[in-house]
């Protein structure tokens, strides 16, 4: 009797394979980091071959830890870092260039050209997205324009475009020997090439961006049997779920009703609110996106606030400044001071995402005096995540007209008690961490399990969700308002830094 579901979680810094049981509990997992490549300022790349090699490794290692074989796995789902873009040779399987990562800003000149001609919001009605360096379409355009032979191969159908999910699916299902070239609606919605209403590639946008349709994958639902895995360790297992990482976390957090919201604290922060089958356009700097689409059902949409730098700021303090040895030391250092000492850190390393969408912003530390020490800087770095989330939540309430009664939180930074309490204080709502914090991988597992009947319905997902910890607001409204207003002043100082 098959008892388990596998989930490939391919993130910005590492690849993991996690095996779940019917209750959504983790049976075994394995993780392997990959190199972050920085060829120039603002450029961030990954080696797709390294990611594929690491994926194979973690699958085999997790199965070995659990003492399981392929026949014990009912199906496998994939969740992935979104927007990260690559183009590879259909015949050889070799990437034509490294994967260009979601936070990479090399397309800023293209963005400037298009926004000058038609404004940043000219594609919002169709795609839900502003023209930005963030999304895949212009990253693909950059590859086509700058990699010798790429455009010719793409136009001939000899080069395949994909986000990371597409690359993994193609390799898992045979690669050059019959690999399936697909993506799901959630990942497609982040390319800025798909119409949110039709869930198809939009010919007008393809013409505008000068992208040949011959290189694009087929768009499928988030939960259906796509094919069988050919990898020896999972040979014959059905590949049955794909969700972009933030949509997967929404699904794994059981935010399945309109108005329910989650926030993932990782390299960046990503808050999504379920808006049901209704497409809600944003007037306050948020993104409209596809939350998920189950096989045969109507799509469910979401509002999203994307924040580029949160956990990455802690890594920067560790790697670039050396004021902490391990990322986990940040809370201890921040607790050496009673408050932020009126120091504010705006981590606009690659501009500001939601709700500002200012590519020209750059990071600043404001409010420094001789009194400030590294404890204040550590605390300001943590608080920066919470302030940015407050900005997004305020915009979400304005767009949706729905007051959020609690925020479901997940991701690596939720183990930081100081941050979670401050987040509850600055939002003035409870923050809830679930019992299982690996909600991104769990969401992909749920999508894959539903497709093969392992879980009968989304009701099973709701019943599996359990509270791990709940933080309640303890700060006065006057104090939280004072702190947030000072943060907003610091943000204004960061804007327009790049001419």
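Cβ coordinates come from backbone N, Cα and C, glycine included.
Of the listed candidates (134, 301, 344), Swiss-Prot assigns 134 to the same glycerol site as 82, 83, 245, 246. Among 12, 332, 336, 369, only 12 appears in Swiss-Prot as part of the sn-glycerol 3-phosphate site alongside 82, 83, 134, 245. Here the candidates are the binding-site residues 12, 13, 267, 311, 315. The one whose C-alpha lies nearest to that of residue 82 (sn-glycerol 3-phosphate binding site) is 12. Residue 83 (sn-glycerol 3-phosphate binding site) and residue 246 (glycerol binding site) are 12 Å apart (CA-CA, integer value).
In sequence order, 11, 266, 312 are the same-chain residues whose CB sits within 8 A of the CB centroid of 12, 13, 14, 267, 311, 315, 412, the residues recorded for ATP being left out. Of all Cβ atoms in the protein chains displayed, 18 besides its own lie within 10 Å of the Cβ of residue 412 (ADP binding site). When the binding-site residues 134, 267, 416 are compared by Cα distance to residue 14 (ATP binding site), the shortest distance belongs to 267. Listed in sequence order, 267, 327 are the same-chain residues six or more apart from residue 315 (ATP binding site) with CB atoms under 8 A from its CB.
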